[in-house]
Amino acid sequence: MTILAKESERGVQSVPIEQLIDRMERWENYSIAELGPYLKSLEIDEAWIDAHMPDPMPTDAYHRNLIYQGRRFEVVLATWPIGGGTLVHDHGSLSSLGSVRVLRGDIFNQVYRLVDRDTVKPVHREVFHTNDIVPVDHGLIHAMGNACQSVIAMSLHVYFPWIIDVSYWDPETNKRIPTRL
Ligand SMILES: [Fe+2]
């Protein structure tokens with residue numbers, strides 16, 4: 001597992017992440033109901049989080065670090081600068097499922113729903129705090145971002161299967177952003 005060499009070079013233990021990957025590789029059937037509590041139970045220490053802060057830190061949007069891509073799932077670390085966030089998006093043509101654990105700070109989850117083929121409408125906004133789990137269910141359309149004005153936030157995302165062919169919507173107009181071919 002390449003992750004091990006990288007982590008030991010930094011002198012930071014990544015045992016919980018190794019356990020997560022190992023367990024996910026062995027699971028027969030993935031479900032949010034099982035993944036969410038397991039992700040929440042992982043003891044990820046502050047030193048690991050500090051060691052994974054991107055340098056340089058993005059000034060807007062967010063930083064995406066693909067930690068691991070298995071045959072049937074992927075693990076992504078997201079770092080959210082102050083004021084940072086995603087566009088409105090879905091989870092791709094495979095309608096991937098998953099769970100997100102907030103590792104540090106507060107993260108908002110703004111949920112949308114389609115009102116016609118190309119237009120979404122905001123329906124629900126919730127703020128999640130450190131160690132909370134955000135479920136990503138079939139068909140979810142949402143935007144996430146840092147909900148705090150003083151703390152850089154970080155979150156660990158596990159998706160199955162991999163996310164491909166994501167659709168985006170403009171948060172100002174709520175209209176679909178055409179994808180370039
Ligand atoms: Fe998402």
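Glycine residues also receive a Cβ, built from the backbone N, Cα and C atoms like all the rest.
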Among HIS142, HIS157, which is the one TrEMBL gives for the Fe cation site where HIS89, HIS91 also bind? HIS142
What kind of secondary structure is HIS142 (Fe cation binding site) part of, going by DSSP in three states? strand
Name the secondary structure element type, per DSSP in three states, that contains HIS89 (Fe cation binding site). strand
What residue among the binding-site residues HIS89, HIS91 has the most other CB atoms lying within 10 A of its CB? HIS91
